[in-house]
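Undergrad: The following block contains the structure, expressed as structure tokens.
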Ligand SMILES: CC(=O)N[C@H]1[C@@H](OP(=O)(O)OP(=O)(O)OC[C@H]2O[C@@H](n3ccc(=O)[nH]c3=O)[C@H](O)[C@@H]2O)O[C@H](CO)[C@@H](O)[C@@H]1O
Ligand SMILES: C=C(OP(=O)(O)O)C(=O)O
């Protein structure tokens, strides 16, 4: 039976919440364990569906994995397969991150092509062009990309057409075991790319330029297993900041990395959220009405596309008109249509611009999560709305938010997860 998240709006948030490890750092780092033979211990791993899919994929390839609370022990001594099956890739696009490591270490890989997804077409041409440039022979057949490099990969100069996060990660991993030097121009600068680079460095990789647009990698004969603690999830942190901005109240966020959120924090402060931070703790208070602020999503350090939907909800609560421009994905406004069903005044001007007239009241409704962050935005809208919001298709949220219902309930939100039939029972018992 379908599960739903039910939010009774109108509660201000109050209390403390702990941020989990970053999904988008954990996934490439798990893939990178394929680059060396031996045992790895990874800490602060978030318990998410995407992490389970990646560990299932590594197990399919032959890795042994033991999970203990937020730590994962990964043993890559007996990798027996080099194929990422469609069943796993279709569940999670980031499965494509095993392509670079498998090809670099085993000189061959067969990975199902991810295809499009609800937020955009999302091709992987930069990944493939880069690997081809490094000497891989690639063939697309039957929905799979089959890659081989019988004499190993060779270091090259690669210019990405866009600072793609996972293309930078795939190529950086591949380059650590290539012969000679690789230079990645127009590389992604996201903190999760830097975290992967740091993990590779602890494995012995020679990498310079992390966090800049040019990354230099000197290939080595081999790497060693290592331990690593996953960085805080900046998107989860930003989601809590936006929850308090939308619903009002005062919260303390622990275990965060405020340095990774400077653009988001500045934008929210411009909108009137009071924010301060010290070490890994962020304090946020919403006591006055929000002001409308315009945003343009952009690669790091710009405003992250993964927080655009949540920010749109804040702007429905702000005084004035906000223009939201999405530049990363061509179809990432599906939440706007659901928010309109809750009474939000949003006009879409083409596929990449949304104009939000704030200040009106949202009213609870039955809505549908179309992707992970759209799902988060609907929960936030439910917190700010009057009455009951029922969010459907919550499996999207399970991909990337650890215990979001429990965490928001801990902040005083009236929120619960129910099976569809429990909801029906409740409705009739009223
Ligand atoms: C697992 C992970 O880390 N996911 C993140 C990663 O996704 P992901 O790495 O898939 O996103 P990219 O940075 O690659 O995508 C950015 C843009 O480049 C385009 N593109 C990308 C690769 C390519 O070969 N060809 C191409 O045209 C995409 O279609 C998109 O329009 O970065 C996105 C942008 O910050 C985030 O929203 C995702 O949460
Ligand atoms: C788009 C996202 O993830 P993915 O790249 O895994 O689809 C996201 O985390 O918002």
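Here the Cβ of each residue, glycine as well, is placed from N, Cα and C on the backbone.
As annotated in TrEMBL:
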- 117: active site, proton donor (ACT_SITE)
- 23, 24: phosphoenolpyruvate binding site (BINDING)
- 93, 306, 328: UDP-N-acetyl-alpha-D-glucosamine binding site (BINDING)
- 117: 2-(S-cysteinyl)pyruvic acid O-phosphothioketal (MOD_RES)
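Neighbours and distances for these, please.
TA: Around the Cβ of residue 117 (active site, proton donor), a 10 Å sphere holds 13 further Cβ atoms from the protein chains shown.
The secondary structure of residue 23 (phosphoenolpyruvate binding site), as reduced to three states from DSSP, is helical. Taking a C-beta cut-off of under 8 angstroms and a sequence separation of 6 or more, residue 23 (phosphoenolpyruvate binding site) has the following same-chain neighbours: 46, 48, 50, 51, 233, 235, 399, 400.
In sequence order, 235, 373 constitute the residues six or more apart from residue 306 (UDP-N-acetyl-alpha-D-glucosamine binding site) in its chain with CB-CB distances below 8 Å.
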Undergrad: Let me check the 10 A CB neighbour count of residue 328 (UDP-N-acetyl-alpha-D-glucosamine binding site). How many other CB atoms are there?
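TA: Within a 10 Å radius of the Cβ of residue 328 (UDP-N-acetyl-alpha-D-glucosamine binding site) lie 20 other Cβ atoms.
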Undergrad: Near ligand 2, which of the binding-site residues 93, 306, 328 are found, taking a Cβ distance under 6 A to any of its atoms?
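TA: The binding-site residues passing the 6 Å Cβ test are 93, 306.
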Undergrad: UDP-N-acetyl-alpha-D-glucosamine site residues 93, 306, 328: biggest Cα-Cα distance, Å?
TA: 16
Undergrad: Kindly assign residue 328 (UDP-N-acetyl-alpha-D-glucosamine binding site) to one of the three DSSP-derived states: helix, strand or coil.
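TA: Residue 328 (UDP-N-acetyl-alpha-D-glucosamine binding site) sits in coil per DSSP, no helix or strand.
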Undergrad: Between residue 93 (UDP-N-acetyl-alpha-D-glucosamine binding site) and residue 117 (active site, proton donor), what is the CA-CA distance rounded to a whole number of Å?
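TA: That separation, Cα to Cα, works out to 9 Å.
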